[in-house]
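Undergrad: This is the feature table in TrEMBL:
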DOMAIN    27-479  domain 'Major facilitator superfamily (MFS) profile'
TRANSMEM  20-40  transmembrane segment
TRANSMEM  88-105  transmembrane segment
TRANSMEM  112-131  transmembrane segment
TRANSMEM  137-159  transmembrane segment
TRANSMEM  171-194  transmembrane segment
TRANSMEM  200-223  transmembrane segment
TRANSMEM  285-309  transmembrane segment
TRANSMEM  321-343  transmembrane segment
TRANSMEM  350-374  transmembrane segment
TRANSMEM  386-407  transmembrane segment
TRANSMEM  428-448  transmembrane segment
TRANSMEM  454-475  transmembrane segment
Amino acid sequence: MPAVGIAPTGAPNKAYPGNLTPYVTITCIVAAMGGLIFGYDIGISGGVTSMDPFLLKFFPSVYRKKHADTSTNQYCQYDSETLTMFTSSLYLAALLSSIVAATVTRKFGRKLSMFFGGVLFCVGAILNGFAKAVWMLIVGRMLLGFGIGFANQSVPLYLSEMAPYKYRGALNIGFQLSITIGILIAQVLNYFFAKIKGGWGWRLSLGGAMVPALIITIGSIVLPDTPNSMIERGQRDEAREKLKRIRGVDDVDEEFNDLVVASEASQLVENPWRNLLKRKYRPHLSMAILIPFFQQLTGINVIMFYAPVLFNTIGFGSNASLMSAVITGIVNVGATMVSIYGVDKWGRRFLFLQGGTQMLICQAVVTAAIAAKFGVSGDPGNLPKWYAIVVVLFICIYVAGFAWSWGPLGWLVPSEIFPLEIRSAAQSVNVSVNMLFTFAVAQAFLAMLCHLKFGLFIFFAFFVLVMTIFVYIFLPETKGIPIEEMGRVWKSHWYWSRFVTEEYNGEVEMPKGGALKNV
């Protein structure tokens, strides 16, 4: 029983003419920088929460617990509900704003959502940088979250619609590359700001989020809108000219006509949210929910959020733990480059399966290493240097596995599989689920580390095994298929074909009678 979805032999994939022009390359690079705000925040949070002056000012109970007798249980030294709320409040806000962003993205275009994202993130960064009390920190974090919800809703869609289908994978992964660069920059800044005398370096770390926010805000003003979005808003002549410029050829009639037909079908959908529940969209809805769910249960955000805290907990000093986090950040960026090179050559499924296997092996080794030294008591005694090197090495191999598989593909695959009529709503579901489980994992992680101890890594390893099996059985290959032709992969899949009816054959056709037929 084949798991791979391929195009039916009787209906070959369309091959729209077009080139990878400098115009579209630069446009996609600028748009992808929307990922910087998300990455910067992930990288900055864990570093700031391991800085003593920050803890002393806002979370004194954590500071006292951290500096208690070193024989105390290392698993539990950061377990604080208030500290966890500071970190995870952002993701709850991002979840809420992504629902609003779906309507803005559909009715007013992808650019406006990106602009709102940048402005909200900028205001949140200013509030955090000047924070005097915990409530200011949490309100600032929520504003950052509103910004991330808008940006993560619009940027992956923008990239998938703008890119030529042959290069869609590589250009879309620019978003994940920006996330990893944002994480790395934040980790490097944390390392140096932690050394500032007077203990105010954390203000620079939090306030520095203004820089990526300004980049995406200004970028959204100068970027062109996508032809798909222009057609959706009735600007057909401008969309045709824009498509010619983006593709670098005059012969865009076939692609333009397919976009118009898709848009006309989309206009007939009064409520995209209700439409998502139709039987023929079951594969899309399943992927919009399960891919981000699994992405968060790889445990990666736990590693990246709390890398400095984690390394400090397993026995590195404070500066050494920040340096170890910088090392994992460099690995993250490098491995994402591998994904950009390989995603349109090797395909999405290969990277998912290889990365999942690599992460599973590394989690088993890290679990064994932490169990051997920390046991259930959480008291490691003196940690030898070789032990620290082994833990960092396998965490780096784990991060590499994620960074060329579930990291970029968790954003790429959902953004490229949705038909236009449900695209904004389905992407909103994707972002909402992502943020919901990022929130849940961030909220529960420190308490889980305290109670499950090294078993926490077994918990995440179990889900990596489940998600790898899921991809093998249920995810069709989407490499090299035009975005408006994507229905073909479901028609030819052994399982999903039972949900997708004959009328939905990969090409969006205008239904007879002027209304979409209920399936």
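All residue numbers here begin at 1 and follow the chain in the order shown.
Placed from the backbone N, Cα and C atoms, the Cβ positions cover glycine too.
All TrEMBL annotations are machine predictions without curation.
Since the structure is predicted, the reported quantities are computational estimates derived from the model, not experimental observations.
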Undergrad: Should the transmembrane segment (20-40) and the transmembrane segment (200-223) be scored as in contact, given a threshold of at least 3 Cβ pairs under 8 Å and pairs 6 or more apart?
TA: yes
Undergrad: If I count Cβ-Cβ pairs under 8 A between the transmembrane segment (88-105) and each of 350-374, 386-407, 428-448, which range comes out on top?
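TA: Ranking 350-374, 386-407, 428-448 by Cβ pairs under 8 Å to the transmembrane segment (88-105) puts 428-448 first.
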Undergrad: Three or more CB pairs closer than 8 Å, sequence separation of 6 or more: does that hold for the transmembrane segment (386-407) against the transmembrane segment (350-374)?
TA: yes
Undergrad: What stretch in 137-159, 428-448, 454-475 has the biggest tally of Cβ pairs under 8 Å against the transmembrane segment (350-374)?
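TA: That would be 454-475.
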Undergrad: Give, as a single whole number between 0 and 100, the mean pLDDT over the domain 'Major facilitator superfamily (MFS) profile' (27-479).
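TA: 86, rounded to a whole number.
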Undergrad: Give the nonlocal contacts of the transmembrane segment (137-159) in its own chain as ranges (CB under 8 Å, at least six residues past its ends).
TA: 28, 31-32, 34-35, 37-38, 41, 58, 85-87, 89-98, 100-102, 104-105, 110-111, 113-114, 116-128, 131, 168, 171-172, 174-175, 206, 209, 213, 216, 223, 226, 411-412, 414-415, 423-424, 427-428, 431, 434-435
Undergrad: Could you pull out which residues elsewhere in the chain have a CB under 8 Å from any CB of the transmembrane segment (428-448), counting only those six or more residues past its ends?
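TA: Apart from its flanks, the transmembrane segment (428-448) reaches 78-80, 83-85, 87-88, 91-92, 94-95, 98-99, 101-102, 105, 145, 148-149, 152-153, 276, 285, 288-289, 291-293, 295-297, 299, 301-302, 305-306, 410, 414-415, 456, 459.
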